[in-house]
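Residues or ranges marked as compositional bias 'Basic and acidic residues' in TrEMBL: 45-55. Marked as compositional bias 'Low complexity' by TrEMBL: 56-71. Per TrEMBL, the feature domain 'ABC transporter' maps to 63-308. Annotated region 'Disordered' per TrEMBL: 26-71, in sequence order. Marked as transmembrane segment by TrEMBL: 401-423, 435-460, 511-536, 548-565.
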Amino acid sequence: MTSKDVSLSWHDLTFDIPIPRKTLKAQAQKAQVEQQRSANAASADVEKSAKKSESSADGVPPAATPTLTATNLADGHRRLLDSVSGSVRRGEMVAILGASGAGKTTLLNVLSARLSKLGNLDGQVLFNGKSRDPATWKRTVGFVEQDDLMFGTLTVHEQISYSARMRLPDSMYDRQTKMDRVEDIIRMLRLEKCRDSRIGDARTRGISGGERKRTSIGVELVSDVSLLLLDEPTSGLDAFAAHSVVENLRNTTKEKNLSCLMTIHQPSWALLCLYDRIQLLAQGRVYYEGPPRETLAWFDSLGYQVPEGTNPADHYITLAENPGNTAEGAKRIDHLISAWHERARSGASTPAVALTDASQTKRSSADLARDGEMYRHWPASWLSELAVLTERNWLQLIRDVPTIIAVVGQTVILLIIIGFAFFRLGYDQGDVLARIGVLFFLPINSTFSVFLPVLAPLALQRAVMKRERSAGTYRTSSFYMSKMLIEVPSNAVQRIPFFAVLYWMCGLNPSAASFFIFLALNLMQVIVATCLGLFIGSVSPTIELANIIAPLISVIFLLFGGNLLPSPPPWFVWLRWISPITEI
């Protein structure tokens, strides 16, 4: 492999994460117990041996040291990756395999620059022979997550086309060119049959799992990335769908001359042979890298032949597992790793090309200018992002028929109950109190009936936004502004008939001026509740926390809004000033 062929390479990557104090203490105590148990076993062996022969205790072999000890935890860190090196060529598809906890996903996150800031990372990652540029990297690489985070109400074509419209620069691609690229991706991934089918979700049936995964891949490929990273793209798929996804990826990699790297879990041998090269990890260290078919000869030479009727891929992964934390398992894993590293040192294998900034691939000035234009700045203007996101949110709104039916049903039921409960109020003392009651109840209803519908869909939408923002698709401000442009008018329009009918059913002041003031104030309350719900949902770390905070704030505003507590204590006066219910 020459430096000219290499798109991505990583060298001596080491990653440690801090261990919480409680966990560290518990693990240290466990290690001491294991050491004491081993010492007791050794003493028992000494006594037994002394009874059978007069040989000295010095002849007793030392007890096996457990894998986890108090000593190796003294620094308070856990090593997830240990001197891992590798590379991916252009037009090549490489898979990272290993048992659970081997470090596959950690390595992929390191390479994609999506790693948590809590750990310590050493080593070097190079792309086209140069260190990654943070300003351009996230739009250079496509990352397909294990979970297919997409909106179920959109079609396959819409999902990919929205990605193209926001991720391809307007200055370099006109609308027709973007749509032509979308059609090319659909053809390349064999999605023609489901092109106009909705993706579907838990409530409505949509496309198959394999088609969903290929759509997720298309969302990334349409942006003309140079490197494609995938986290277990075959998880949850049957054998046929998994083979179809990987075969499509292989063909796409060759056709577009991409560099494709993915983690994969428990593949069949036929599936594994579709890859150009594989890298096997155990406890964060490499114990094989090369063509999958050459694994047979390599592991045979180490004495680990594949049993008859066993999937070779499963066999090689199982070799590096040690669920019982036994000395025999630890010895086997160390043998696998040391044997491979010895081969690498001898020059029989070259897992990675040592690249430096000086040995980077030669690229024309036109290519560099194109990359600077395409990746360094936002692909689209803020207004273009807003227009596309607003259109997407509008389609989601009008196609979510179950939610529309639920909202209409809720409005009708509340209208009937409230309208007839306060039907044609008079002006005696009892009816005056009832008028105060209905005027107090309406803001409560407006607040709580808006908060939950606004917060409910934000769980998926925030997850999608996080994925799209990680790829540099759009700005956070344009996302939430588009939400407001759809949510605020739709919530207001939905409640105009409710307030209008209820006003006349309750027999409130029959003058037109009073009616429009009533309508305007209640619509303002709906707008404030909608904006407040979006704000709480956007700043809360989780939607679960937002669902707790929103009612709390609503109750505080209601308490100090003027009806329940006309004269609040001086230290709570400021709450009355900021309560949107005060003027109602």
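Placed from the backbone N, Cα and C atoms, the Cβ positions cover glycine too.
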Within-chain partners of the transmembrane segment (435-460) [C-beta distance under 8 Å, separation at least 6 from its ends]: 149, 151, 403, 407, 410, 414, 418, 422, 425, 487, 491, 495, 499, 502, 506, 508, 522, 525-526, 529-530, 532-534, 536-537, 543, 546-547, 550-551, 554, 557-558, 561, 563, 581, 584
PLDDT averaged over the residues of the domain 'ABC transporter' (63-308): 87
Same-chain residues at least 6 beyond the ends of the transmembrane segment (401-423) whose Cβ lies under 8 Å from its Cβ atoms: 203, 434-435, 437-438, 441, 445, 449, 453, 494-495, 497-498, 501-502, 505-507
For the transmembrane segment (511-536), distant same-chain residues with Cβ under 8 A (at least six beyond the ends): 442-443, 446-447, 450-451, 454-455, 458, 480, 483-484, 487-488, 491-492, 495-496, 499-500, 503, 546, 549-550, 553-554, 580-581, 583-584
